[in-house]
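Quick look at what TrEMBL annotates:
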{"type": "ACT_SITE", "residues": "D32", "note": "active site, proton acceptor"}
{"type": "ACT_SITE", "residues": "D172", "note": "active site, proton donor"}
{"type": "BINDING", "residues": "S6, H63, G139, F140, G141, G142, D172, G173, G174, G194, S195", "note": "substrate binding site"}
{"type": "BINDING", "residues": "H30, D32, H63, D172", "note": "divalent metal cation binding site"}
Amino acid sequence: MKIAPSILSANFANLLEDVKKIEKDADLLHIDVMDGHFVPNITIGPVVVKSLRKFFSIPFDVHLMIENPDLYIENFVNSGADIITVHQEACIHLHRTIQKIKSYGKKAGVSLNPATPLESIKYVLQDIDMVLIMTVNPGFGGQKFIDSMLKKIEEIKKMREDLGLNFEIEVDGGINLYNVKEVVEAGTDIIVAGSSIFESSDPAQTIKEFRKAVKR
Ligand SMILES: O=C(CO)[C@@H](O)[C@H](O)COP(=O)(O)O
Ligand SMILES: [Fe+2]
(Lines of atoms letter the chains of each structure in order from A and count residues from 1; the text may use other names and numbers.)
(Lines give C-alpha, C1' and ligand atoms only; values in the text may rest on other atoms or scores of the structure.)
(Ligands and ions follow the chains in the order given, each with its own letter.)
Protein backbone atom coordinates (compact mmCIF):
# COMPACT_ATOMS: atom_id res chain seq x y z
CA MET A 1 0.00 0.00 0.00
CA LYS A 2 1.22 3.49 -0.85
CA ILE A 3 0.23 6.51 1.23
CA ALA A 4 -0.43 9.94 -0.26
CA PRO A 5 -1.03 12.58 2.43
CA SER A 6 -3.33 15.33 1.15
CA ILE A 7 -2.05 18.82 1.87
CA LEU A 8 -5.60 20.14 1.85
CA SER A 9 -5.58 19.58 5.61
CA ALA A 10 -2.08 21.01 6.15
CA ASN A 11 -1.54 24.49 7.55
CA PHE A 12 -1.37 26.69 4.43
CA ALA A 13 0.43 29.37 6.42
CA ASN A 14 3.13 26.82 7.20
CA LEU A 15 3.00 24.48 4.22
CA LEU A 16 6.75 23.97 3.92
CA GLU A 17 7.14 22.77 7.50
CA ASP A 18 4.03 20.57 7.32
CA VAL A 19 5.21 18.79 4.16
CA LYS A 20 8.68 18.32 5.71
CA LYS A 21 6.99 16.38 8.52
CA ILE A 22 5.74 13.67 6.16
CA GLU A 23 8.15 13.63 3.20
CA LYS A 24 10.23 10.67 4.44
CA ASP A 25 7.29 8.44 5.34
CA ALA A 26 4.90 9.24 2.50
CA ASP A 27 5.04 7.68 -0.97
CA LEU A 28 3.38 10.56 -2.82
CA LEU A 29 2.23 14.08 -1.99
CA HIS A 30 -1.46 14.54 -2.87
CA ILE A 31 -2.29 18.06 -4.01
CA ASP A 32 -5.96 19.02 -4.32
CA VAL A 33 -6.61 21.72 -6.92
CA MET A 34 -10.12 23.23 -6.76
CA ASP A 35 -11.54 25.99 -8.94
CA GLY A 36 -14.80 27.04 -7.26
CA HIS A 37 -16.75 25.76 -10.29
CA PHE A 38 -16.33 22.01 -10.53
CA VAL A 39 -16.42 21.91 -6.72
CA PRO A 40 -17.67 24.53 -4.26
CA ASN A 41 -14.22 25.39 -2.89
CA ILE A 42 -11.04 27.11 -4.09
CA THR A 43 -7.60 25.89 -3.11
CA ILE A 44 -4.24 26.14 -4.81
CA GLY A 45 -2.83 26.47 -8.30
CA PRO A 46 0.40 25.85 -10.23
CA VAL A 47 2.30 28.63 -8.45
CA VAL A 48 2.10 26.82 -5.13
CA VAL A 49 2.99 23.49 -6.72
CA LYS A 50 6.06 25.08 -8.29
CA SER A 51 7.14 26.59 -4.98
CA LEU A 52 6.86 23.24 -3.21
CA ARG A 53 8.73 21.46 -6.01
CA LYS A 54 11.88 23.43 -5.17
CA PHE A 55 12.03 21.81 -1.75
CA PHE A 56 10.82 18.24 -2.31
CA SER A 57 11.65 15.31 -4.56
CA ILE A 58 8.67 13.16 -3.50
CA PRO A 59 6.30 12.47 -6.44
CA PHE A 60 3.52 15.04 -6.72
CA ASP A 61 0.07 13.51 -7.20
CA VAL A 62 -2.05 16.39 -8.50
CA HIS A 63 -5.83 15.93 -8.23
CA LEU A 64 -7.52 18.43 -10.51
CA MET A 65 -11.07 19.22 -9.38
CA ILE A 66 -11.49 21.85 -12.07
CA GLU A 67 -13.57 22.46 -15.16
CA ASN A 68 -11.75 22.45 -18.48
CA PRO A 69 -8.57 20.82 -17.14
CA ASP A 70 -6.97 20.78 -20.62
CA LEU A 71 -6.30 24.50 -20.24
CA TYR A 72 -4.06 23.95 -17.21
CA ILE A 73 -2.29 20.63 -17.84
CA GLU A 74 0.83 22.24 -19.32
CA ASN A 75 0.99 24.64 -16.40
CA PHE A 76 0.92 21.83 -13.86
CA VAL A 77 3.51 19.85 -15.83
CA ASN A 78 5.83 22.87 -15.79
CA SER A 79 5.19 23.32 -12.08
CA GLY A 80 6.45 19.83 -11.27
CA ALA A 81 3.44 17.49 -11.25
CA ASP A 82 4.26 13.78 -11.70
CA ILE A 83 0.76 12.32 -11.80
CA ILE A 84 -2.11 14.43 -13.13
CA THR A 85 -5.62 13.23 -12.37
CA VAL A 86 -8.68 14.72 -14.00
CA HIS A 87 -12.33 14.08 -13.26
CA GLN A 88 -14.36 12.11 -15.76
CA GLU A 89 -17.27 14.49 -15.05
CA ALA A 90 -15.16 17.52 -16.06
CA CYS A 91 -13.94 16.15 -19.40
CA ILE A 92 -16.09 16.07 -22.50
CA HIS A 93 -13.25 14.56 -24.51
CA LEU A 94 -11.69 12.44 -21.80
CA HIS A 95 -9.57 10.34 -24.16
CA ARG A 96 -8.05 13.50 -25.64
CA THR A 97 -7.30 14.90 -22.18
CA ILE A 98 -5.54 11.68 -21.16
CA GLN A 99 -3.44 11.79 -24.33
CA LYS A 100 -2.50 15.37 -23.55
CA ILE A 101 -1.23 14.49 -20.07
CA LYS A 102 0.74 11.55 -21.48
CA SER A 103 2.21 13.66 -24.27
CA TYR A 104 4.26 15.44 -21.58
CA GLY A 105 5.56 12.10 -20.28
CA LYS A 106 3.45 12.34 -17.11
CA LYS A 107 1.24 9.71 -15.53
CA ALA A 108 -2.47 10.15 -16.21
CA GLY A 109 -5.21 9.41 -13.69
CA VAL A 110 -8.99 9.62 -13.97
CA SER A 111 -11.18 10.26 -10.96
CA LEU A 112 -14.84 9.42 -10.42
CA ASN A 113 -17.28 11.14 -8.08
CA PRO A 114 -19.19 8.73 -5.84
CA ALA A 115 -22.28 8.73 -8.10
CA THR A 116 -20.38 8.19 -11.37
CA PRO A 117 -20.37 4.60 -12.63
CA LEU A 118 -17.16 2.70 -13.43
CA GLU A 119 -18.67 1.84 -16.80
CA SER A 120 -18.12 5.49 -17.84
CA ILE A 121 -14.34 4.96 -18.01
CA LYS A 122 -14.30 1.40 -19.32
CA TYR A 123 -12.95 2.41 -22.75
CA VAL A 124 -10.06 4.50 -21.41
CA LEU A 125 -8.84 2.11 -18.71
CA GLN A 126 -6.18 0.76 -21.07
CA ASP A 127 -4.80 4.28 -21.54
CA ILE A 128 -4.38 5.39 -17.93
CA ASP A 129 -1.96 4.85 -15.07
CA MET A 130 -4.38 5.35 -12.20
CA VAL A 131 -8.08 5.35 -11.31
CA LEU A 132 -9.00 7.59 -8.38
CA ILE A 133 -12.17 6.50 -6.63
CA MET A 134 -13.68 9.35 -4.60
CA THR A 135 -15.15 8.05 -1.37
CA VAL A 136 -16.59 11.47 -0.41
CA ASN A 137 -18.11 14.14 -2.63
CA PRO A 138 -15.10 16.21 -3.68
CA GLY A 139 -14.50 19.70 -2.38
CA PHE A 140 -13.58 19.40 1.26
CA GLY A 141 -11.41 17.48 3.69
CA GLY A 142 -12.70 15.87 6.86
CA GLN A 143 -15.86 14.29 5.42
CA LYS A 144 -17.23 10.85 6.25
CA PHE A 145 -16.26 7.87 4.07
CA ILE A 146 -19.24 6.69 1.96
CA ASP A 147 -19.48 2.99 2.78
CA SER A 148 -21.12 1.96 -0.49
CA MET A 149 -17.85 2.87 -2.23
CA LEU A 150 -16.19 -0.30 -0.91
CA LYS A 151 -18.14 -2.24 -3.53
CA LYS A 152 -16.97 0.19 -6.21
CA ILE A 153 -13.34 -0.42 -5.21
CA GLU A 154 -13.89 -4.18 -5.43
CA GLU A 155 -15.51 -3.76 -8.83
CA ILE A 156 -12.70 -1.66 -10.34
CA LYS A 157 -10.19 -4.23 -9.08
CA LYS A 158 -12.20 -6.97 -10.79
CA MET A 159 -12.40 -4.94 -14.01
CA ARG A 160 -8.61 -4.56 -13.91
CA GLU A 161 -8.17 -8.31 -13.51
CA ASP A 162 -10.70 -9.19 -16.20
CA LEU A 163 -9.11 -6.78 -18.69
CA GLY A 164 -5.55 -7.79 -17.78
CA LEU A 165 -4.52 -4.19 -17.07
CA ASN A 166 -2.21 -2.74 -14.43
CA PHE A 167 -3.36 0.80 -13.59
CA GLU A 168 -3.16 1.67 -9.88
CA ILE A 169 -6.29 2.14 -7.76
CA GLU A 170 -6.22 5.20 -5.54
CA VAL A 171 -8.93 5.99 -3.01
CA ASP A 172 -9.60 9.46 -1.62
CA GLY A 173 -11.84 10.76 1.15
CA GLY A 174 -12.66 9.92 4.75
CA ILE A 175 -9.88 7.38 5.27
CA ASN A 176 -8.62 6.94 8.82
CA LEU A 177 -6.87 4.40 11.04
CA TYR A 178 -10.15 2.59 11.69
CA ASN A 179 -11.28 1.97 8.12
CA VAL A 180 -7.97 1.82 6.20
CA LYS A 181 -7.69 -1.97 6.48
CA GLU A 182 -11.03 -2.67 4.80
CA VAL A 183 -10.34 -0.01 2.15
CA VAL A 184 -7.05 -1.73 1.28
CA GLU A 185 -8.59 -5.20 1.43
CA ALA A 186 -11.23 -4.09 -1.08
CA GLY A 187 -8.45 -3.46 -3.61
CA THR A 188 -6.82 -0.07 -3.00
CA ASP A 189 -3.17 0.44 -3.95
CA ILE A 190 -2.84 4.10 -2.91
CA ILE A 191 -4.52 5.65 0.11
CA VAL A 192 -5.07 9.41 0.20
CA ALA A 193 -5.51 10.83 3.69
CA GLY A 194 -5.73 14.48 4.64
CA SER A 195 -7.31 15.28 7.97
CA SER A 196 -6.37 11.98 9.63
CA ILE A 197 -2.68 12.69 8.93
CA PHE A 198 -2.27 16.47 9.12
CA GLU A 199 -4.67 17.02 12.00
CA SER A 200 -2.92 14.39 14.11
CA SER A 201 -0.31 15.45 16.65
CA ASP A 202 2.46 13.53 14.82
CA PRO A 203 1.78 13.15 11.06
CA ALA A 204 4.85 10.95 10.40
CA GLN A 205 3.87 8.59 13.20
CA THR A 206 0.29 8.49 11.89
CA ILE A 207 1.57 7.28 8.50
CA LYS A 208 3.44 4.49 10.31
CA GLU A 209 0.22 3.65 12.20
CA PHE A 210 -1.63 3.43 8.87
CA ARG A 211 0.86 0.83 7.65
CA LYS A 212 0.51 -1.13 10.91
CA ALA A 213 -3.30 -0.97 10.81
CA VAL A 214 -3.33 -2.63 7.39
CA LYS A 215 -1.11 -5.52 8.55
CA ARG A 216 -3.12 -6.22 11.72
O1 LIG B 1 -9.86 15.47 -2.94
C2 LIG B 1 -10.16 15.59 -1.76
C3 LIG B 1 -11.41 16.29 -1.33
O4 LIG B 1 -12.09 16.73 -2.43
C5 LIG B 1 -9.29 14.92 -0.77
O6 LIG B 1 -8.01 14.66 -1.26
C7 LIG B 1 -9.29 15.43 0.65
O8 LIG B 1 -8.20 16.23 0.93
C9 LIG B 1 -9.27 14.23 1.57
O10 LIG B 1 -9.37 14.66 2.88
P11 LIG B 1 -9.78 13.69 4.07
O12 LIG B 1 -11.16 13.16 3.74
O13 LIG B 1 -8.75 12.59 4.11
O14 LIG B 1 -9.75 14.56 5.27
FE1 LIG C 1 -7.94 14.63 -3.50
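Going from the start of the chain as shown, residues are counted 1 onward.
Keep in mind that glycine also has a Cβ here, set from the backbone N, Cα and C atoms.
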Cβ density check for G174 (substrate binding site), other Cβ within 10 Å (all protein chains) comes to 23
A correct count of other C-beta atoms within 10 Å of the C-beta of the residue listed as 'active site, proton donor' gives 25
Rounded Cα distance, in Å, between G139 (substrate binding site) and D32 (active site, proton acceptor) is 9
Integer Å value for the Cα distance linking H63 (divalent metal cation binding site) with D32 (active site, proton acceptor) is 5
Close in space but at least six residues away in sequence, with Cβ under 8 Å from that of S195 (substrate binding site), the same-chain residues are S9, G141, G142
Given the divalent metal cation site H30, D32, H63, D172, its other Cβ neighbours within 8 Å of the Cβ centroid, in chain order, are A4, S6, L8, I31, D61, T85, L132, V192, G194
